[in-house]
Amino acid sequence: MFFTQPPHLVKAEELKQEPPKGTAYSVAIPGTEQPGRSRVYRAWNAQKELLTTLDPQVTTAHDMFESTANRQPKNHCLGWRPYNSTTKTWDPYQWLTYETVQKRRAAFGAGLVELHQKHNCHRPGQYGVGLWAQNRPEWQITDLACISQSLYSVSIYDVLAPDATEYIINHAELNCVVTSLPHIPTLLKLKSSLPNLKMIVSLDPLDGPEQNGHSKRALLESMAAGLDLAIYTIDQVEELGLASKRGYNAPSASDIVTINYTSGTTGPPKGVVLTHGNAVAATSCGLTTIGQARGDTMCSYLPLAHIYARLAEHTAFWGGARIGYFHGNIVELVDDLKLLKPTGFMSVPRLYSRFGTAIRAATVEQPGFKGALSRHIVAAKMANMKNPDPSKATIKHALYDRIWAKKVAAALGLERAKYMISGSAPLDPTLHNFLRVATGTDVVQGYGLTESYASATAQSTQDLSSGNCGRLAPCTEACLVSLPDMEYSVEDKPFPRGELLLRGNNMFREYYKNDDETSKAVTEDGWFRTGDVCTVDAQGRFIIIDRRKNVLKLAQGEYISPERLEGVILSELGYVAQAYVHGDSSETFLVGIFGVAPDLFAPYASKVLGKTIAPTDVEGLKEHLNDDKLRRAVLRDLERVAKKHKFAGYERVRNVSLKVDPFTVENNLLTPTLKLKRPPVVKMYRTLLDQLYGQANEEQSAPRAKL
């Protein structure tokens with residue numbers, strides 16, 4: 001069956017094209033430089049005007065979904081795997097059509113307004129609805145429902161600690177939280193500290209075959225008695241909306257689409273106010289980077305409370321793709337991927353590193369013919385990719401892709417994937433290139449922040465370089481500002497270096513109820529200070545080289561970027577699942593606390609110690625992590641990595657402690673997006689860090705035997 005691509009997708013393909021020969025991806029606009037500030041950069045095809053939308057008729061997230069639902073109502077939209085209580089397994093995917101989702105979101109949106117009126121919480125203008133659940137179809141139905149009535153969602157990370165949940169609900173003044181069943185008891189316990197909360201809407205059924213008084217609803221309502229708090233299910237609210245006959249109250253481009261609370265690595269979360277105009281601009285750029293179309297499939301597993309995942313689903317909706325949700329267990333994600341066979345995949349370096357480790361173990365590290373053939377294929381494809389003639393460079397190979405790379409991709413469920421995208425942290429160049437040749441798939445790296453609606457830069461699928469974040473999105477402009485205290489200058493040669501500043505149609509409005517933080521983050525002329533230190537190469541590609549906010553200064557005055565070192569270590573040592581590199585200002589070297597991956601570290605430890613430790617024997621592994629033989633073996637690996645990446649002497653980790661899961665969301669050392677909270681890590685592990693320094697200093701001062 002043939003169909004015509006809608007005009008906005010045709011325009012996206014046009015904007016996706018490579019620049020003319022001799023033109024950089026991002027162009028410095030003459031005459032825009034200022035003292036201490038570089039020229040302003042824009043995408044080569046947006047030099048005159050930044051992109052606002054791919055379709056003048058589409059200016060809101062409401063429009064994006066409606067245009068697709070009206071164009072292809074019978075197509076698959078949202079999919080999930082039901083749990084089979086008989087077999088204790090997850091069934092194949094079931095799907096809701098765009099038409100069904102459209103009707104349900106309209107009913108639920110109307111019902112939410114009716115509910116607020118019923119409890120005397122409805123007020124003129126916009127207000128927020130809390131959304132606290134793991135990725136699932138009802139998450140998007142709720143978000144789309146809010147949008148349909150000019151309400152905005154306030155997402156709460158599924159794994160957020162109770163104190164942070166309490167802070168967000170109170171700060172955003174939420175009267176209603178839509179949530180999954182496991183979170184309802186937590187909300188009931190917190191109710192005494194949540195004066196504004198009047199309604200909870202459960203995404204899960206509360207009525208079952210239990211006897212009277214023993215249903216989930218009865219138990220929860222008994223807990224809620226006297227708390228001035230009503231509990232409903234999504235079905236009840238949808239029925240309320242249908243009965244109301246209430247139509248859409250569509251938003252405008254300047255209306256809020258969401259308040260997205262940042263992870264809060266150093267303090268309380270900040271509420272990033274994002275508008276419908278921001279959403280449309282960022283989604284337009286997403287479609288110019290990767291494209292989405294009818295017949296495409298994406299897998300949703302990255303937390304939807306993170307704007308990176310939300311942008312991905314906006315892009316799927318406006319492109320006409322379908323979204324299949326993982327069944328909730330990240331360890332079994334590949335099972336979902338093998339069923340879905342997505343046409344594209346978005347992830348983070350941490351997962352790509354595990355993919356790379358698994359692929360190497362199954363191919364190039366195998367003994368005998370299988371390993372030899374794999375190494376030959378990787379070497380041949382790597383040579384093709386690095387062909388000095390860009391017109392001949394390719395990750396494809398007519399024979400090797402068919403007999404080898406296709407099988408590698410299929411083992412991950414990614415044999416249909418046209419692209420893989422990495423974001424949220426730098427992707428190691430060696431891993432980047434290996435994934436390209438091993439899977440035969442375009443792997444691109446992007447850069448964005450919550451404040452930029454996850455959109456700022458992205459590599460072209462035709463650009464086979466690595467170690468950079470690619471070109472500017474056509475909705476965004478950028479410049480660099482000198483940092484004299486860190487010895488970065490926009491006058492540096494061969495390329496300018498400085499803090500990256502962003503401005504554009506995708507950029508946030510403000511931090512909610514926080515003028516002080518807003519004024520710190522945004523200059524008077526509208527530039528957002530990212531805190532990331534960048535350079536821009538001759539092709540107009542942006543490269544993150546440092547982080548202004550997380551720089552250590554050692555005793556002899558050397559500046560260290562621990563996040564850069566941690567990223568390299570995580571990508572090189574597959575058995576390291578978590579890495580924290582620490583430097584005291586009174587010391588001349590670094591120490592580290594590493595969390596090991598039991599399934600990968602157990603074989604390594606068995607080899608070093610000469611005894612068998614089963615990958616599933618986590619407690620047994622923990623007993624051996626303090627063995628000095630293991631510590632010294634890991635330090636040798638760290639030294640090898642340091643030499644390979646040409647770390648300076650003061651950048652080398654001289655002592656290390658090995659643990660299983662030392663940093664978790666539950667112990668408040670990780671944000672919900674799994675970023676380290678560095679000050680709390682130091683506070684919790686201060687004694688251990690002192691011991692690591694003491695041990696290393698003793699070992700360095702101990703006399704060495706002469707040979």
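For all residues, glycine too, the Cβ spot is worked out from N, Cα and C.
Model, not experiment: these values are computed from the prediction.
Feature annotation from Swiss-Prot assigns ATP binding site to ILE259, ASN260, TYR261, THR262, SER263, GLY264, THR265, THR266, GLY267, PRO268, PRO269, LYS270. In sequence order, VAL154, SER155, ILE156, ILE168, ALA172, PRO269, LYS270, GLY271, VAL272 make up the list of same-chain residues 6 or more apart from TYR261 (ATP binding site) whose Cβ falls under 8 Å from its Cβ.
For 525-549, the entry in Swiss-Prot reads region 'Fatty acid-binding', with the evidence type sequence analysis. Within the chain carrying the region 'Fatty acid-binding' (525-549), a Cβ under 8 angstroms from the stretch's Cβ atoms is held by residues 24-28, 38, 41, 44, 426, 447, 449, 451-452, 457, 459, 463, 465, 467-472, 478-481, 483, 486, 488, 492, 494-503, 507-508, 561, 563-564, all 6 or more beyond its ends.
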**Asked** Which one of these binding-site residues, ILE259, PRO269, has the sparsest Cβ neighbourhood, judged by other Cβ atoms within 10 angstroms?
**Response** PRO269
**Asked** Can you tell me how the residues of the region 'Fatty acid-binding' (525-549) break down into helix, strand and coil by DSSP?
**Response** 0 helix, 15 strand, 10 coil
**Asked** Do you know the mean pLDDT across the region 'Fatty acid-binding' (525-549)?
**Response** 92
